[in-house]
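In what follows, a single structure is set out as structure tokens and then discussed.
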């Protein structure tokens, strides 16, 4: 005896549903027990048939056709055929032969043990199981009773013989098993499978009741005192078709409780049968109505929930007096949710194993993410890791996705539709830019750790890919080379912007947290490449003064293209000499400390040592009563800077302020050891003797190799 053969999953669950075998699909095998080795041996004993064999499944389907024939002919013979025609008798015997073959075949068909769920192919166990269960019923439903009775009594049309023929209705259990498998078959619609089953049960009940009621009338001594004889006195001489249709008519009117009254019981036997039939109809009607109601309610439940949510949202908006535009956004959200509920992308993906989710995400999102400018040139591994974090979402028209001055938000890529980039100028909203398919938004605020500079609102029904800012940063940190390419793409994108519209209530955190250039956003978004921040307000080259107002202090910015030269000392900051330069007056409040920031940005021409794409930013920080210190940082457009040319900005950390508020920075070349760094700090800051260095995030640094070009280092005395 071999048990086991761990055989498939799919057909065990579907109870024997046949699926085409292939290396890329589920095979007809059973699930092994936990910890068992899968499929060591799938070969059954000799002459043993697998219940999942395609040929055996075809044989079962052929028998289903014969079962349907037997279910119809048995009640019909009992009621309408007193003498069985020889041709019909031959057909009956042929059908019985097929079922007799199936009885023999069953002794060689393996079965699944109900306790172990393993396939049993031992002949003795198969025989014992069959003999102790359905063998007797199968034999009785297949035995040729008419030839046996003719052999002993020579009366083949006896009523007892015909009643014994009803044992063939036992074969209907095969139809029940068939419908059970079809209901779980993904190739067939569940609704129509259930409807077919209910219709089949109803038709069979109508057929049997009509045949039995006619048999009672046909064998009643007084034909005129029967339900059919009362309206058709010579009904026995009528055609078989007329009598059969009349019987079905009575049966269906009684089943549906219509009861026209033209056909009714005339004798006690018929009355008794009608009572039993109508009692049966109560249960059958409850079964049919219950199942149909369940199917219909299940199909309309989504619509009912949608209408309830719309009504609740409308009442909520009216009760709280929400503006009309917000109310429309809420209603549009529910409408779109109803339309896309059937998709259930994320719910479905969460139910799948990680390997399948990876394949689906790679197939759907990889081409879209690859086309985004931010990821242009990054490695395929970076994209492959990123697609796993992408979620596809739908947004209705005019829905705000990101709000201006909102905290850090996620990054979005437009798959379809369009998104308007909106800015508020003097209280009025203006469309600054329109994001089309394949473009992205939200990346500036997320990557630069700043509030969102714009409001992003859908212009039409849009499908967006949302990338979590947290996961994006983690992936960037894990892929240092790709992060350089990515940030360079962001820099190039920002340099393409020629101007920035005036904004009300600018958030000063934008200036303090923006670590990419360490200059205000107005500087890197202006068309001109050189700015000057000094004490007094002047004008730009066009005699225009862009105003960025809205907080308690006014800010006026002027830009002018100038050329200047600067000399660089190895361990000192570059100092730019200003001659006849326009001036910008800036007042701001950072962390409750009001200081004046003077920013000067110089760009070299094509004859300079560096290319025109290299921008020199000189940031002067101080107050009117302090000596200004100059900080110069050059930001190249190349992907990286050679290790030998690492330059960092050192700050004297004051214990009564935060790290981000440390002032008086010095730009130096990074030495080879911390001791040299402390020595340079002592030279640059007189009377200061540092013994410890921390990063901008207050992380202690104990090895110069972890310091990157352009880092800001804060020296502490311990």
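Each Cβ is built from the backbone N, Cα and C atoms, and glycine gets one as well.
Annotated nucleoside 3',5'-cyclic phosphate binding site per Swiss-Prot: 374-493, in sequence order. The compositional bias 'Polar residues' annotation in Swiss-Prot covers 562-574. Annotation comment: Swiss-Prot describes 575-584 as compositional bias 'Basic and acidic residues'. What Swiss-Prot records for 647-718 is domain 'KHA', and it gives sequence analysis as the kind of evidence. Among the features that Swiss-Prot reports, intramembrane segment is placed at 246-265, with the record citing sequence analysis. Under the heading region 'Disordered', Swiss-Prot lists 560-584. Swiss-Prot lists 1-60, 110-132, 184-197, 291-718 with the feature topological domain 'Cytoplasmic'. Per Swiss-Prot, topological domain 'Extracellular' is recorded for 82-88, 154-162, 219-245, 266-269, and the stated evidence type is sequence analysis.
Under the three-state DSSP scheme, residue 389 (nucleoside 3',5'-cyclic phosphate binding site) falls in the coil class.
Here residue 389 (nucleoside 3',5'-cyclic phosphate binding site) comes close to 467, 468, 471, 472, 475: these same-chain residues lie at least six apart in sequence, with C-beta atoms under 8 angstroms from its C-beta. Helix, strand and coil counts under DSSP for the topological domain 'Cytoplasmic' (184-197) come to 8 helix, 0 strand, 6 coil. Taking the binding-site residues 449, 479 in turn, the residue surrounded by the fewest other Cβ atoms inside 10 Å of its Cβ turns out to be 449. Annotation for residue 419 (nucleoside 3',5'-cyclic phosphate binding site): same-chain Cβ neighbours under 8 Å, separated by at least 6 residues, are 401, 412, 434, 435, 441, 456, 457, 458, 459, 462, 464.
Per-class residue totals from DSSP over the topological domain 'Extracellular' (219-245), listed helix then strand then coil: 12 helix, 0 strand, 15 coil. Around residue 374 (nucleoside 3',5'-cyclic phosphate binding site), the same-chain residues at least 6 positions away in sequence with a Cβ under 8 Å from its Cβ are 411, 440, 443, 486, 489, 490, 493.
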